[in-house]
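Remarks on the structure that follows.
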Amino acid sequence: MENNTRQLPPHVFVLFGATGDLAHRKLFPALYQLEKKGLMPEGLSIVGTARRDYTTEAFRDEVHKALLSFVKEGVEDDVWARFAPRIFYVPGNVDNEDDFRKLHQFVLDVESKKDHEGNRLFYLSMAPRFFGETALYLKKVGLADTKGWRRLIIEKPFGHDYKSAAELNDQLSSAFAEEEIYRIDHYLGKEMVQNIEVIRFANSMFEPLWDNRSIASVQITSSETVGVEDRASYYETSGALRDMVQNHMLQMVMMTAMEPPSRLHTEAIRDEKVKVLRSLRAYKEEEVGQYVVRGQYTAGEIGGKAVPGYLEEPGVAPDSKTETFVAAKLFIDNFRWAGVPFYIRTGKRMPVKSTEIVIQFRNMPKHLYFNQDGNLGPNLLVIRINPVEGMYMQMNVKRPGTDNVVVPIAMEFSQSADKSPEAYERLLHDAMHGDSTFFTRWDEVSLAWKFVDPIAHAFANNTVPLHTYKAGEWGPKAAHDLVKEQPGLWWPLYGNESPMDNLEHATGHPVEVKR
Ligand SMILES: NC(=O)C1=CN([C@@H]2O[C@H](COP(=O)(O)OP(=O)(O)OC[C@H]3O[C@@H](n4cnc5c(N)ncnc54)[C@H](OP(=O)(O)O)[C@@H]3O)[C@@H](O)[C@H]2O)C=CC1
Ligand SMILES: O=C1O[C@H](COP(=O)(O)O)[C@@H](O)[C@H](O)[C@H]1O
């Protein structure tokens, strides 16, 4: 893994889909931040391409406008003055071989002006149907024949199922070696997702407890308040299962459950993650209904504002069966995790935007102390990924006074998310340095699809009921039934709030805990 302050290596960064939404909202702002941090060397040039007929000058103006809209803290003139001359644009259609030849010549011209050490990084920020064909053209016209290194960054989604993912992978592999392919999962660029490993493997207090002897269950939730927005054409073919579960949710399961790697080396880490997927209990299509719940939002209210149901969203078929919510109970059948349920849950139009991992420890073998409910709340370790970056431990202490009542408290750590680099900045930085630790390897992607495919078939064949939930609720009732036996509830998520302000869930009653 690389040092974040080291200068980036010289190279030409070729961005396909340079006029698109992702490029404007995420990629150019991320590149700007790398410039601002002084990490870009003299020989680093950015060549954007798409069909729109811009000149380089007009494209630089577009990028400047995008930065003004999407760089939160504003654009500094001196940084822009350094950044702008690196940016070039050449129009082209990825269906057209001649346009690839023009692009090749353009890149050679850019390379002739400064020493880029013959390195090229290609980023495919386009509709996925173009990924395979673009990689093949890169090889065919010689763009991928470099004097230095070459790398290919691929956006999501990587296939629609195992079969299409394998076909795509075959196409990519005929032009690039596996170690040259960087498959993006932006959750792996999130500060606290990367921190899971550090929390686990740099603290001697957690690792001895990190197994089925001490942990009763794990809950991983990624909830969003937004609906489908203007992405219905994509989302209607994807749904929450392919959009969130196959990639981000399973990545968080892997990070939470993996064994310690033998060393902090990319392949050693990825090997351990893959082993988790190999141990993940696969469900046959006919079993899916016992372990997986799907839902679709209906009209409701979020933050006091009325919002339409999924079926009323623009571009959604009036009889659409696309799921906007998935909850599932997973088992990792290895020595460490046998018998521990891993619950995952993700949905749109839920009450708060939040991603959290809740590790629930086993109860004491015998209760000597009780809360006012006559119970004792469990210990929790909660890793907060978004919007707050941090973690807290929920423990029991004596309520001050003479009544010997025990109350839950939260020992809390949080850091300002504003200071953390955005996921795309970190991932671009890593790819430029050739560090693929936080990108997904083909065996991870393929196993994730093999796990998801029977669930997708069960959804497509309506073997699993499609429940509804009102926008602003925590998914359908069936999702609550999934956890009914153990632990009995989905632990609340706090969004931007502090758990210290709201601990009543631990006892079922409000408790008086003040900071
Ligand atoms: N937007 C987002 O927030 C996210 C996007 N992604 C992924 O990123 C990728 C890009 O998404 P997004 O930016 O939203 O998509 P857009 O539709 O906004 O952009 C697509 C880009 O591809 C270009 N393009 C389209 N057809 C061709 C063609 N035949 N030849 C050359 N260029 C072409 C378009 O430019 P032009 O019309 O000028 O040709 C445009 O620059 C997708 O894989 C998506 O799944 C992933 C996560 C989030
Ligand atoms: O990949 C995706 O992720 C976002 C949620 O990402 P986050 O970083 O905001 O948690 C989701 O909205 C989108 O549908 C999906 O494609």
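Think of each number as a place in line: the chain as shown, counted from 1.
Cβ coordinates come from backbone N, Cα and C, glycine included.
TrEMBL names His186, Lys190, Asp243, Lys348, Lys353 as substrate ligands; from the candidate set Glu167, Glu224, Glu267, Glu323, the record adds Glu224 to that same site. The binding residues for substrate are recorded as His186, Lys190, Glu224, Asp243, Lys348, Lys353; their greatest pairwise CA distance is 20 Å. In this structure, the recorded positions Lys190, His248, Lys348, Lys353 were compared by how many other Cβ atoms lie within 10 Å of their Cβ, and the smallest count belongs to Lys353. Among the binding-site residues listed (Arg51, Lys156, Lys190), Arg51, Lys156 have a CB atom closer than 6 Å to some atom of ligand 1, in sequence order. Checking the binding-site residues Arg51, Lys190, Asp243, Lys353 for a CB within less than 6 Å of any atom of ligand 2 leaves Asp243, listed in sequence order. Closest to Lys353 (substrate binding site) in space, going by CA atoms and restricting to the recorded positions Arg51, Lys156, His248, is His248.
According to DSSP, Arg51 (NADP(+) binding site) is assigned to coil rather than to any helix or strand.
Summary: among the binding-site residues (Glu224, Asp243), the fewest other C-beta atoms within 10 A of the C-beta are counted at Glu224.
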